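Engineer: Pasting a structure below so you can have a look.
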Amino acid sequence: MGVTPIKLNFCIFFVNIIIIIKYKILLVCLIFQREGKRLLIDLIVVFPRSSISKSCCGRKSSMAEDSETKKVFDAEAAASLMKELRGTYASGKTRSYEWRVAQLKNLMKIVDDHEKDILDAIRADLSKPEQESYIAEISIIKSSCTRALGELNRWMKPEKVKTSITTFPSSAEIVSEPLGVVLIIGAWNFPLLLALDPAIGAIAAGNAVVLKPSELCPATSSLIAKLVGKYLDSSCIKVVEGAVAETSALLEQKWDKIFFTGSGRVGRIVMAAAAKHLTPVALELGGKCPVVVDSDINLPVAIRRIAGGKWASNNGQACIAPDYIVTTKDFAPKLIDALKHELEAWYGKDPLESKDLAHIVNSNHFARLAKLLDDDKVSGKIIHGGQRDKANLKFAPTILLDVPEDSLVMNEEIFGPLLPILTVDKLEDSFDMITSRGKPLAAYLFTNNKKLKEKFVKTVSAGGLVINDTVLHFAEKTLPFGGVGESGMGSYHGKFSYEAFSHRKSVLYRGFAGDASARYPPYSDRKLKLLKALLSGSVVGVILALIGWS
Amino acid sequence: MAEIENLEPDLEELRESYRSGKTKEASWRKSQLKGLLTLLKEQEKDIFKALEQDLGKHYAESYRDEVGTLTKSVNLALSSLKDWMSSRKAKLPIATFPSTAEVFPEPLGLVLIISSWNFPFGLSLEPVIGAIAAGNSVVLKPSELAPASSSLLAKTIPTYLDKKAVKVIEGGAAVGEHLLRCKWDKIFFTGNPRVGRVVMTAAANHLTPVTLELGGKCPAIFDSFSSSWDKEMVIKRVLGGKFGACAGQACIAIDYILVQEGFAPTLLELLRNMTKKMFGENPRETKSMARIINKKHFLRLKNILDDPSVQSCIVHGGGVDEDNLFIEPTILMNPPLKASIMTDEIFGPLLPIITLKKIEDSIEFINSRPKALAIYVFTKNETLKRRIISETSSGSVTFNDAIIQYAADTIPFGGVGESGFGRYHGKFSYDTFTYEKAILRRSLLTEFWLRFPPWNDFKLALTKSAYSFDYFGFLLVLLGLKIYS
């Protein structure tokens, strides 16, 4: 079985259904695929492209090789950068609809024109397979841009709201305005996506932006610096490359918003720095994302989705990657067999040789993962994998069974290819296990049991919940993406990105007719009565009070 | 200190109440809101008394700004609770077809509300309404500077609300510091930016989200009016928005007026006359204006006035009565912009008027200062209105009135920049204490095999055509008719 490359042993046929929904035409391809004895139906739904030209991946472009000696980016440099951006922001340039659209279009061009460069850079930094980078980075940026371009007009419109008799006669609206000059700090695991995806929101909302891509992915970082400089308005959108020193220099400045993706430890530093200037922050952190697996499921599908979310997303180095599995004692052996089988089909007998598996970002993280595995409480629990190659930073998908709850691997975010499986007698017990830890960024449940689903939704607190899949909610633009508790604060994606970088200003219009003198001094008992009626919204009460009856 | 150390069992009890899940029940939330409503009704007299004692507020003012507004908010929460609590289906553009998605509102947990002395009931209970409606357990720390109000809250809340889930902890800075060291799921703070920074720094240790309701210098732009009806109306609203709201000790009180040079004398005349009408010839006798909260603030305001360069600008009032902590409604014409009256938030019954060559210059004047919590614009000029909305930034903009936006439930109340962040009132209060959990439901029927390794050019080509919506190419690749390397 397994989903080895599609060959003729798959019986494939298509059903094309053209559905017109809201003037858009969808093409639904139903692909029935025989897999062993099981018949699966695949649906791929494709939206029409708006007006994006087809990407040209063959275009040549020299990779970031500029070896100019760089100036140190210190506090002084940060201050002058800020001064410049304040100036351009004050000019009002970034507020115009046209500017925002032009920038978003150019951002789209970056990923269209330089697809190959980007894939190469990410491959160089993380040896991430091109397909992975394409699915998880480029395509998401493209769809974010497309959505922002398509909806910006609507997002920017003031929202009219009703008013009550208390403030009668009046009308009110909520107007969104840019926050000003914002800082976006990206992370290394999705070096392009986590820098540019928030930037799309910031630009759409009309802010001046400074981007700080992760220094742990030098090739991608310098590519972003080069391309953003070339394609976007460099008077309002800047990239600052660097590590701790540069970031500290940036954090000393007064920003109107800081959007940070990374670890809880650095998140605390960012928020404390922001407090000095009363700057609001969005913190996109991580956490141990649990996967609860019931026994009544379509196992092959579930296994693929779990393994896909774990190892096929940057080899577990993702903030929403499954961190550990909880299942019943009886079901665990079946689950493990299926996982092993799938892993072999994907990565071969020797996963260290596989080109389809990303490597560990650097030797620090490699050592951290090795330490988790070498823990006395854990090293005897390996039931699959465990191979590693320090020189090439390769780490095989590793499954651990029934590690103790007080082991290191169960007490910090794994962020790598280790997958502990915990077993419980009754699946409901897993919910307590999950809630007793910090609130994770995501929690996953595989089941067909309706009651269990409802209980899961009600009791488990996490940034996002996905039932019967993993990591997919990230691609869902109509859902807010963000954490709660230890997994962070603030959300983004789609319109939420726009809102994350906007201030929603209340505007109240009052006319001159019919003013209640009761509001103004000198006060009296009669005025109090009128006020009571006004505030309770009772029209009759107001009239009675006015004519002195009540 | 002994008393402070005793907090931990209390907090544990609150956490336990939250964990037990009872605060999440709609019935609990409803009963608490009803309890609050009864409290406001039954304790109305005592609330008036406490406010009179702490701030010398007239009971009509107390009703308008605190009891009445709160009653309205509780009623709104009660009638909208069901609607607020229901989860929202998110529309799916079917990239993840077949699946459904929804956003499920969930309480945050145990929240801390630190309130301020100027509206000791309003600023305490307004956020409490949101926190309870959202299903949290709550600690309220009222301001120690309004002691009568604080102790009334501490005495009454346990009798009207579930004392295992809602607690009042009284105290000053030491208690505040102690509370800030604990881990909360949200901190809602109303006060000044200095303490706001302390609160946020403490919150960072535990990654606790905060809402900061601060203040700032709220300008009122006063355009020239010709009709006498309009003039009287707006002057009333200006004075109501300054002296009528806790004697200017309100975060959204008018801080200063911007007016065109030519219209300034008329404006001054109107203000003088109306002030007399509202507060009498001898304002010290009036019961219609609150006093200054305490000696410290009284001296702060007196110092502002004692600056000789400011003293010479007083054109109305200026009298102070240290024994009764009373400051007359005072109007100043063009005090120096560098004096503290024009650099710091005034927070008292002093009203500077700044004249400008053209009323449009007010935009630049406002933009060169930190962002205010509110901007008030008295004008009939539509172009000016539009320009103010698009060219300035502030928590809110109100045209032809002041303060009243506080009572409007449909628009968010909150600051931006120096005036804070986060918003509340009406549904926004509920949202402030709620986390929107995203839920994606998939079926196990179908699979999208392009998502999984081992990768090959075939899959990449398929994915590309899928994502680039080139479905004809997609078919060709699948059928093996297109070269994809």
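Each Cβ is built from the backbone N, Cα and C atoms, and glycine gets one as well.
TrEMBL: automatically predicted annotations, no manual curation.
Pasting the feature list from TrEMBL:
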{"type": "TRANSMEM", "residues": "A:12-32", "note": "transmembrane segment"}
{"type": "DOMAIN", "residues": "A:82-507", "note": "domain 'Aldehyde dehydrogenase'"}
{"type": "ACT_SITE", "residues": "A:Glu284", "note": "active site"}
{"type": "ACT_SITE", "residues": "A:Cys319", "note": "active site"}
{"type": "TRANSMEM", "residues": "A:530-549", "note": "transmembrane segment"}
Engineer: Using a 10 Å radius around its CB, how many other CB atoms surround A:Glu284 (active site)?
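Structural biologist: Looking across every protein chain shown, the total is 26.
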Engineer: Calculate the distance in Å between the alpha carbons (Cα) of A:Cys319 (active site) and A:Glu284 (active site), and round it to a whole number.
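Structural biologist: Between the alpha carbons of A:Cys319 (active site) and A:Glu284 (active site) there are 9 Å.
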Engineer: Near A:Cys319 (active site), how many other Cβ atoms are within 10 Å of its Cβ?
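Structural biologist: Taking every protein chain into account, the count is 29.
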Engineer: Across the domain 'Aldehyde dehydrogenase' (A:82-507), what does the mean pLDDT come to, as a whole number?
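Structural biologist: Its mean pLDDT is 93.
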Engineer: When DSSP is mapped onto helix/strand/coil, what comes out for A:Cys319 (active site)?
Structural biologist: coil
